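What follows is a set of notes on a single structure, which appears directly below.
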Amino acid sequence: MALHTAGRCGGREGDCVKTWRERGEMALALDEARAAAARGEVPVGAVLLDETGAVLARAGNRVEECHDPSAHAEMLVMREGLRLRGGRRLADCTLVVTLEPCPMCAAALAHFRVGRLVFGAYDAKGGAVEHGARLPYRPETLHRPEIVGGVCEQQATALLRTFFQALRPSAPRG
């Protein structure tokens, strides 16, 4: 499994070019996260891209609206991608999401066979890709996507911080 951390080009030109592409992809997911926040949802957005980079599906969290704890942005776009393609696998697809996937979504990545994951903010408390269970790295995980973390991390983190600070105005800042 390949791991590339955006913003750390290491002097390799290809990685820097790749990072610019990923920033463009993340801009679409950030738009979905902002729309989710406007609906009162936790601001997480996701976009599913096909092998050419065309958008197959885009969504923000809809947990509150759907009264469904599994209605995370990642789950919604993966389900829609399969529906549109009439298949069971997304091996040639890229999932772009503003927050490191939780255990449910990280496990679903393996089951949907997503080929590439690009995420924005790291989630030390609830993430399961680079934190917690680190599901893609476990030996029992049969499918391992290419993983790119930290793309537009500051923007994604700021959206989440602003949202939760508005919910808890008396909470400490920082």
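Just so you know, glycine gets a Cβ as well, placed from its N, Cα and C.
Per TrEMBL, the features are:
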ACT_SITE  E74  active site, proton donor
BINDING   H72, C102, C105  Zn(2+) binding site
DOMAIN    20-130  domain 'CMP/dCMP-type deaminase'
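Summarised as a single figure, the pLDDT of the domain 'CMP/dCMP-type deaminase' (20-130) averages 96. Neighbour density around each Cβ, counted as other Cβ atoms within 10 Å, peaks among the binding-site residues C102, C105 at C105. Taking the mean position of the Cβ atoms of H72, C102, C105 as the Zn(2+) site, the remaining residues of that chain whose Cβ falls within 8 Å of it are V44, A73, E74, M75, P101, P103, M104, A106, A108. Under the three-state DSSP scheme, H72 (Zn(2+) binding site) falls in the coil class. Following the DSSP three-state reduction, the secondary structure of C102 (Zn(2+) binding site) is coil.
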